[in-house]
Structures are given as structure tokens and as C-alpha cells.
């Protein structure tokens, strides 16, 4: 696999590289949506995703995923004010290396 | 153009019907007034014409004003009045549209403006070079993860749709907000992959800042550059529409689809043609 994170600093990913990155990201997202963010089943997919996408893109996409999940939750369950919700159920950020 | 045409027509009919010039005048003046009802004299004259030309069976029984003439005059005058009213209305509408357009331009003068940059072939360009054609403008950067490519594709689709539908060439422009990395070569590589139609522009930090400011575009390189010196530029995601006079017309956010945009822009193009006709 091409490690595009290294060359991306100088030259932006081209169309094919962008597509490869997005596809690996979508595959990984699909997996964690189904199995949860910490599921070991998705580790391989995450490694591929990290290989194919520039590091800064991964950060951006991870943030986007959390935001999308949060949005979905609000749409489904309605908005819960933080004061009433002492234990942050929505918090998947966890501060770990994964999402 | 319409009133003259109409009056001539009316006059001709009158001449053909009565062959007497004073009747023609009466006929024309009644149209000019646009009144559904005329004076008694006019009724008489038209009635007389009717009687002379077409011998109605009832006509002989009624000495002066056969009812069919009343009706004919009523219809003619009614149609005339309606047409006249429509003319006045259409003229008023157009004047109103021009007036509104002018006042809108005053309000819009704040967005857009002149810029000087270098295109992806290394040619120095100014905004004036693009006067004469419709422009779609997007600010982005070549290392953009997902939004810029989507928006650029959308912008190109809009241009294609307009070319097909309106037969109008719209020039899509891409201005980088990452002068650090996006030199002429990088912008060229990036734009060419999308479409030969897309023209990329770059410049010095000052030139780009000036262009972005003109369009009220915010951009800022994220502070967290990693060890590879990679970073993401946070920027306003908007596609701008600029008319052939170089004036800003409207802007479109991410929520607008290519089809919606093309429809909307199509109406602007029609309006532009109409007001400058």
C-alpha cells in the first residue's frame, strides 16, 4: 500500500488517491457503525484507511464521523441538554487513538 | 412598439370599414382613450358603417343603432382597452424591474470586486479579463479532504447544465486559499484532473487575501500542522455567481444541488438578457 501521508505534505492526492482514501474510509465507517468504534474486526480496515488517507484528512474525517453520529442521535432521540445528562452517553471521543 | 402597431391595425380596420377619414380618427381616438364606451357620435358612425357594409336582417328595422353594432363596438373597445392596459402594465413592470435591479446592485456592491492573480498556465490575470462571460467562482485548496472536490464537481456540472439548457458558456474558476503549497504547477495539476474547462488561480499571500476579502471569504490554515507539515485550511464554502459585467449576482452554499443552481442561474441569465434588451 502506498503511504500517501508522507508525500501529501508536498503534493496533494490526485483523483485516484482521493477515491482510494474515501473508499477505505467508508469501508471503515461502515464497520464501526455496525460493530462499534472499538471492535477489533475493524482494526484491519482502520489500518488501511490510515495508509490511504493523509494524516490530516484522517483527523478531519474522524471529527466528521463523530459529528455525524451526534447529529443522528439528536435527530432520533431529540436534543438532551447536557445538564440533565450527567453521564455523557454520546461521548464516543473518549480521547483514545481511535475515534 | 406594440401601441403603434395596434393603432395602425385599428386604423386600417376603420378605413376598410367606412372609407371616411373622420371616422378613422374617431376610431383611433377611442382606442387611445382606452375607454370601453364612446360618445354617441362614434356609435352612430360605426353603426352607420356596419349598416352600409353588412346588411343585417335586423338592421333595417332599427333605424339608428342596431344592437349588433353596440356589441361590436363594445367588444372592440373592450379588447382595445385590455391590450392598452396590458401594454401599460408590461412597461411599468419592466421599469420597476430595472429600478429594483439598480437598487439591488447598490446593496450588493459590498460583495465582489477586482483581483489580480496568476492562472494555472502562469498567465497573470485580473477580474477584468473575465468581463463578458458569466463566472462561477469557488475558493478552496488542493489538499482539501472532501468538500472542495465535491463543490468543484458540482460547479462544473452547473456549467454543463447551463451550456446545454441556456446555450451560455459559464466560466468556472477556482481560487486557492493555500498560497503556501498551491503554486501554479500544483493548481494546474489539480484543476486539469477535474475538467479542461476549470481555470485555477493562485498568487501571493497578499493577492489571495485581497481576492478572498473582496468576496468575504474567510480562510485560515489550521494551526495543528503535523510532522510532515501537512495541514488543512479552514475556509468558507460558497460558490459565487458573477455576471458578464463583473458584478456579484448570488452565492450558493453546500445545500444547493447542481440542478437547483442551474435553474436559479438560468433565471438570472434570462433576466440579464431581458433587462439589457
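Just so it is clear, glycine is given a Cβ too, placed from its N, Cα and C backbone atoms.
Around the Cβ of residue B:148 (Cu cation binding site), the number of neighbouring Cβ atoms within 10 Å comes to 23. For the recorded site, residue B:148 (Cu cation binding site), the DSSP three-state label reads helix. Feature annotation from TrEMBL assigns Cu cation binding site to B:144, B:148, B:235.
What TrEMBL records for B:144-B:148 is disulfide bond.
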Other residues, Cβ within 8 Å of B:144, B:148, B:235 Cβ centroid (Cu cation site): B:139, B:140, B:141, B:147, B:151, B:177, B:233, B:237
Sparsest-packed of the listed binding-site residues (B:144, B:235) - C-beta count within 10 angstroms: B:235
